[in-house]
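For reference, the structure discussed in these notes is given below.
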Amino acid sequence: MDYKDTLLMPKTDFPMRGGLPNKEPKIQEEWDAKNIYQKVLDKNEGNPSFILHDGPPYANGNLHMGHALNKILKDIITRYKSMLGYYAPYVPGWDTHGLPIEQALTKKGVKRKELSIAEFRKKCEAFALEQIDNQKKDFKRLGVKGDFNNPYITLKPEYEAAQIRLFGEMADKGLIYKGKKPVYWSPSSESSLAEAEIEYQDKRSPSIYVAFDVIDGKGIVDDDAQFIIWTTTPWTLPSNVAITVHPDLTYGQYNVNGKKYIIGKDLASDVAEALDWDEDTLELEKEFKGKDLEYIKAQHPFFDRESLVINGLHVTTDAGTGCVHTAPGHGEDDYIVGQKYNLPVISPVDDKGVFTDEAGQFEGMFYDKANKEITDLLKEDGSLLKLEFITHSYPHDWRTKKPVIFRATPQWFASIDKVREDILSAIDDTQFKVDWGKTRIYNMIRDRGEWVISRQRVWGVPLPVFYAENGDIIMTSETVNHVADLFEANGSNIWFEREAKDLLPEGFTHPGSPNGEFTKETDIMDVWFDSGSSHRGVLEARPELSYPADLYLEGSDQYRGWFNSSITTSVATRGQSPYKMLLSHGFVMDGEGKKMSKSLGNVIVPDQIVKQKGADIARLWVSSVDYLADVRISDEILKQSSDVYRKIRNTLRFMLGNVSDYNPATDAIAEKDLLEVDKYLLNRLREFTANTLDHYDNYDYLDIYQEVQNFINVELSNFYLDYGKDILYIEERDSHKRRSMQTVLYQIVVDMTKLLAPILVHTAEEVWSHIPHVEEESVHLTNMPERVEIDQAFVDRWNTFMKLRDDVNRALEVARNEKVIGKSLEAKVVIGSNENFDATTFLQQFKDLQQLFITSQAEVVDKVDDGVAYQHGDIRIEHAHGEKCERCWNYSEELGSVGELDNLCPRCQAVVKTLV
């Protein structure tokens, strides 16, 4: 018989290497074959629900790391809630309308102009559904569970119908109206944009100071004076109809080298500096309040029309002259103040950003190119006082990345003003993980303008509006609901396939159409209205879901997007927020915190991680970052995730190997009969479990990541598993000591696998399949471990012992360096009290100290001769006495033989005798 044949070495089929890229798809196939997602729902049916509502990603393009971060976070949450017993269905969704799909088809060579609108829309739909299929596969490959066979899709007839009905309810409440207002207009997209579709980038613009001649000073200012305005958009000067001054600011008429100028008094020195005036020549002739200047008339610098001086509270002294160039057709503040004075709304720019004949000699010019022509003209007639160029933050189209303009066009609006206070109140009733999240959406709602909901495109949900022969708008609950019914039965393409009269209820008449003729609106709805209707089209529509949702979780850009549009439509129609809690995550940057881009060569995509390392590595990475802020990823960071994964896997494998011959039904030791060290680890497991559950409850996954590593490294690897080898391998199979440890090890591996399951979904399943005697067919069908109160006094005593043990390890390391010993089993520890700590009395409470120290011998004395003082006693390390046992490698002075096996310590002799 060989010595090793007498040892109880670990046995498990659980492989050391993960092989995740090949293994994970097989595990997912098993989930599908066993219908695990549905079984989880069935298990929890009738329990309280937890509804995380999926914000729909856009159905175009491959997944990026932002998609992965978002979907993995959601999956961690719903899996955890399911394992707590909540009924937590997850219905994924897709946003399918909008310009990017139109552009994608154009890039693919689809000739838009050669197709009818209905034909082009059918191609858009087919493209979107193809994109969904691709993204769906990739999301599932990340281990995301959900009802992927029945997702919600914004182009589906039942969804579009729900959206139309919601629109109708808002219209019934007077919240939908048509108006000609300046809105963000994208010449590159040829469409209006909502605030959520705007991003700011630096742009170089001309900065000019222009003089307007006074033509009627009303006896207040001299008729030969000039108002000075400052603007960075010279192209809007053809639309100028007024100069706005603040009623409460003080203005001055200044004489500068014989010329008279009117500017804000507080800005005089700034203007002087900007225009290179010597302040000594700046002579104040008169001063007056802005309200005194109201209705003074000035001359437009190059058109034969007046520019009226008016009052406006939006004028500031932050920059400029205090006299603001006002063009109601090209600015929101200008428009609002212009309404008070019945000023004309001039906007001589077409859909492409080209001047119309209303712009006179500038007709046919692109607005940005006209800047030079206009400044040249101002220079010629002497109105231009200064021209320079500045770089400033300027709104751009988030899709085309090109500058946008403010342009007055007839648009459909959803009123924010009428529901603003109600939305702010709903935000107050909403939970946020971080205060800044609440502040962000609160301020956005507080400060946002009216919501332009119309778009001049074709791929979207039509606005269900008709026009009578006399131009009257027809938008009644009867007509809107009839359109909704048509959409539900046929899809929204019917709008483009039928005449207006065939889309109205049968027998419909209107006094404005004596001949029975009608036309229909050609604009479509903003895509944010599409996705912002999901609480109606999904949460209220699907029986397994409920309204309001417990949680919305998206990227931080959605405070101005989906979070915003959803709460607006929900409060407008239901009087409450569609979400009880709001949570957001940051963007994914490279390892240095830079934005990922192909040009920098720093792009990492989910597909690459899945194929090279496995989805569980991506999921572990998600748990390792502070997702509330922007997060970083790189090959080096992923390598760190892989290293941590390997440690977790190997620890679980070691424990599996050492419980292979354990059956909890027959071998478990009652808690009261456990060895103290095992009872200590059981309590530490309970602490670890409670902390981990708390972190899950608080959505703190980085804390879980750190908690797991700490438990594995400090409690298991550095102590319990190392200590345990002498028990598990050496002791008799059914000995109380071995079964005591196995009882706790089994509990650790079961509970730890459950706690890791929401994050390491595939690995936890693989581990579960290798744990002996578990009943459930999947770890995802189990419940999270219960919180169990710990014996704090007992744990405190053992924590003190562990600190003492750290001192022993320090002493062993010194002895190792001094060549007194090699391995710790070559050591004898002698320990006693000192002025710091009464080790002698304390250690009387502990048995088998040599095993706990992983040494061959340990002796507790009153006073240690030649000892070294440590925090928890004086310690001396000497070489162990006797000879090494060939079986357990402990040193003993009582070696003997059993059969053919020599040099066995008394313990090993007793064990081997049972085997011979």
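Keep in mind that glycine also has a Cβ here, set from the backbone N, Cα and C atoms.
The L-isoleucyl-5'-AMP binding site annotation in Swiss-Prot covers Glu554 and is backed by sequence analysis. Counting Cβ atoms from all protein chains shown, Glu554 (L-isoleucyl-5'-AMP binding site) has 23 others lying within 10 Å of its own Cβ. The secondary structure of Glu554 (L-isoleucyl-5'-AMP binding site), as reduced to three states from DSSP, is extended strand.
If you look up Swiss-Prot, you'll see Lys598 marked as ATP binding site. Its Cβ placed at the centre, Lys598 (ATP binding site) has 7 other Cβ atoms within 10 Å. According to its DSSP assignment, Lys598 (ATP binding site) is helical.
Taken from Swiss-Prot, the feature Zn(2+) binding site covers Cys885, Cys888, Cys905, Cys908. Note on Cys908 (Zn(2+) binding site): other Cβ atoms within 10 Å of its Cβ, all shown chains, come to 26.
Per-class residue totals from DSSP over the motif ''HIGH' region' (57-67), listed helix then strand then coil: 3 helix, 1 strand, 7 coil. The motif ''HIGH' region' annotation in Swiss-Prot covers 57-67.
Summarising the annotation, Swiss-Prot assigns motif ''KMSKS' region' to 595-599. Sequence-remote contacts of a segment are chain residues at least 6 beyond its ends whose Cβ falls under 8 Å from one of its Cβ atoms, and for the motif ''KMSKS' region' (595-599) they are 64-65, 587-589.
This prediction places the mean pLDDT of the motif ''KMSKS' region' (595-599) at 79. Sequence-distant neighbours of Cys888 (Zn(2+) binding site): residues of the same chain at least 6 apart with a C-beta under 8 Å from its C-beta are Asp726, Ile730, Cys905, Arg907, Cys908. Within 8 Å of the centroid defined by the CB atoms of Cys885, Cys888, Cys905, Cys908, the record's Zn(2+) site, lie the Cβ atoms of Ile730, Glu886, Arg887, Trp889, Asn890, Ser892, Leu895, Leu904, Pro906, Arg907, Gln909, excluding the listed residues themselves. Taking Cβ-Cβ distances under 8 Å and a sequence separation of 6 or more, the neighbours of Cys885 (Zn(2+) binding site) in its chain are Tyr891, Ser892, Leu895, Asn903, Leu904, Cys905, Cys908. For the pair formed by Lys598 (ATP binding site) and Glu554 (L-isoleucyl-5'-AMP binding site), distance between Cα atoms is given as 24 Å, rounded to the nearest Å.
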